[in-house]
């Protein structure tokens, strides 16, 4: 069974935000004094497993756990181990997660044991002081130890860096060399107008077309058709032998090939990262021990999936395109 939206796109990728909490407070993702969801509003790990399983029955082939920081959710490995049965059965092709890396020293080996093959680590700078500045609470050495642990466990690591003008743009070439030297791909992401937007956010916006032009003065970049199921467009870097990805929601949106939906830890389904329209799956999930009601709610929601997002960086307004913080939906 496949889920097909009104524009003929097959929905095969589910991103699940298992918590809105995080041990960092990255400036583009969260307010420093974030008010978190009360625990009673959260789906239990068992409910998350049940919901994910319904999506898998309906054709989801790739499942990514996100946050917040997914590895700070209490007993998260119980959910990972439960979901891994779908890898064993062949129903799910891939189970992966996006993490800030702070908890990887603790969990990397168990993730690998559960059948996770690759992970994404969000890392915007290799400068310890700048790292603390952008994450507010984070420590770079802990993340580096986590990356070491992940690679030692056999996990393939890809780095995600948000490109921020006058913050990390000058060091992105060195980050790429470092990542490729360790066998990791790097993907750079345009900052998106979500949550609280101040002057810094619009001033830090860097179109990746400019970054690519700058990189092409130093490196030989060749477009390649490589895909991981996400929106990144990849180039091969001749000088390093590695892959560099660009995620460009602002300057070259990727909506025409969108294959994903996003589920939050409260059971809210967002059909698009850049739209406010959502569907409540918690109520139908809890209304019956069977899955018919929630399956019908999913079908109805997929039927409302929009053609594209509404992101725009507008210096004339401080109003974000989307009012919720990235940490709520899972970046």
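Yeah, the Cβs are placed from backbone N, Cα and C, and that goes for glycine too.
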Swiss-Prot [4Fe-4S] cluster 2 site partner of 255, 258, selected from 114, 272: 272
Further binder of GTP named by Swiss-Prot next to 15, 64, 98, 260, 261, 262, taken from the candidates 158, 165: 158
Residue 158 (GTP binding site) to residue 258 ([4Fe-4S] cluster 2 binding site) - Cα separation in whole Å: 21
Per DSSP, three-state class assigned to residue 64 (GTP binding site): strand
Neighbour count (Cβ, 10 Å) for residue 122 (S-adenosyl-L-methionine binding site): 21
Nonlocal neighbours by CB distance (under 8 Å) for residue 261 (GTP binding site), same chain, sequence gap 6 or more: 11, 13, 14, 15, 269, 270, 271, 301, 302, 305
Site extent for GTP (largest Cα pair distance over 15, 64, 98, 158, 260, 261, 262, Å): 21
